[in-house]
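S.K.: Got a structure here, written out as structure tokens. Questions coming.
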Amino acid sequence: MSTAHKNLSVYKTNGLKDMSSKRIAVVTAEWNEEVTFALRDGAIETLLKNGVKEENIISATVPGSYELSYGSQVFAQRDDIDAVIAIGCVIQGETKHNDYINNAVAQGLTDVSLKYNKPVVFGVLTPNTYQQALDRAGGKHGNKGDEAGITALKMLSISDF
Ligand code: DLZ
């Protein structure tokens, strides 16, 4: 940023606020559960490491990623929930089924977030293969659940700005 703008209020998303009173729901799809449960655990660990209290985290499951929109809405509409993390894994198959699910859940989560004015994190992996999913769920590419957790915390911080 130019130093000419001396009177701007500058906010960076790495300035996390105090999270000790925040309540966060983590909604996880059961399809590909070896992957999604590892992502969920990564997200929850990141929340705990950054000051969210264990008793303020609610974990729920839905059958598949398509159900993440409604599952997220159930929690987003509650006054005692500040943010929702939606976790899923849709593997590219031989049909276009995956495209329909991915598009529906992306749009659905956006709608829920804007309707209830709360962060709803898209923690859905959309890999080509199951191995690529495992690589991103605690494998050689780390755990994308961590990113989902950090995203929720950053968005909660900007909500309070
Ligand atoms: C049906 C289906 C298929 C083919 N693949 C996946 C997938 O890779 N990942 C996932 O989370 N869910 C899948 N589903 C299930 C749908 O998300 C949904 O649960 C069903 O269509 C019932 O609405």
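Cβ from N, Cα, C; glycine included.
According to TrEMBL, the protein carries these features:
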type     : residues                                                : note
BINDING  : Trp31, Ser65, Tyr66, Glu67, Cys89, Val90, Ile91, Phe122 : 5-amino-6-(D-ribitylamino)uracil binding site
BINDING  : Glu94, Thr95, Arg136                                    : (2S)-2-hydroxy-3-oxobutyl phosphate binding site
ACT_SITE : His97                                                   : active site, proton donor
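Any idea what these are sitting next to in the structure?
M.R.: In the three-state DSSP scheme, Ile91 (5-amino-6-(D-ribitylamino)uracil binding site) falls into the coil class.
All chains included, 22 other C-beta atoms sit within 10 angstroms of the C-beta of Arg136 ((2S)-2-hydroxy-3-oxobutyl phosphate binding site).
For His97 (active site, proton donor), the count of additional Cβ atoms within 10 Å of its Cβ stands at 13 [all protein chains shown].
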S.K.: Measure from the Cβ of Val90 (5-amino-6-(D-ribitylamino)uracil binding site) and count the other Cβ atoms within 10 Å, all protein chains considered.
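M.R.: Taking every protein chain into account, the count is 23.
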S.K.: Cβ under 6 Å from ligand 1: which of the recorded positions Ser65, Tyr66, Ile91, His97, Phe122 qualify?
M.R.: Ser65, Tyr66, Ile91, His97
S.K.: Please name which of the recorded positions listed here, Thr95, His97, Arg136, is nearest in space to Cys89 (5-amino-6-(D-ribitylamino)uracil binding site), Cα against Cα.
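M.R.: Closest recorded candidate to Cys89 (5-amino-6-(D-ribitylamino)uracil binding site) by Cα: Arg136.
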S.K.: I need the CA-to-CA distance for Tyr66 (5-amino-6-(D-ribitylamino)uracil binding site) versus Thr95 ((2S)-2-hydroxy-3-oxobutyl phosphate binding site), whole Å please.
M.R.: 16
S.K.: Can you tell which of the binding-site residues (Ser65, Thr95) has the fewest other C-beta atoms within 10 angstroms of its C-beta?
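M.R.: Lowest Cβ count within 10 Å among the binding-site residues (Ser65, Thr95) is Thr95.
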S.K.: Rounded to a whole number, what is the top Cα to Cα distance in Å among the residues the record ties to 5-amino-6-(D-ribitylamino)uracil, namely Trp31, Ser65, Tyr66, Glu67, Cys89, Val90, Ile91, Phe122?
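M.R.: Between the outermost Cα atoms of Trp31, Ser65, Tyr66, Glu67, Cys89, Val90, Ile91, Phe122, the distance is 16 Å.
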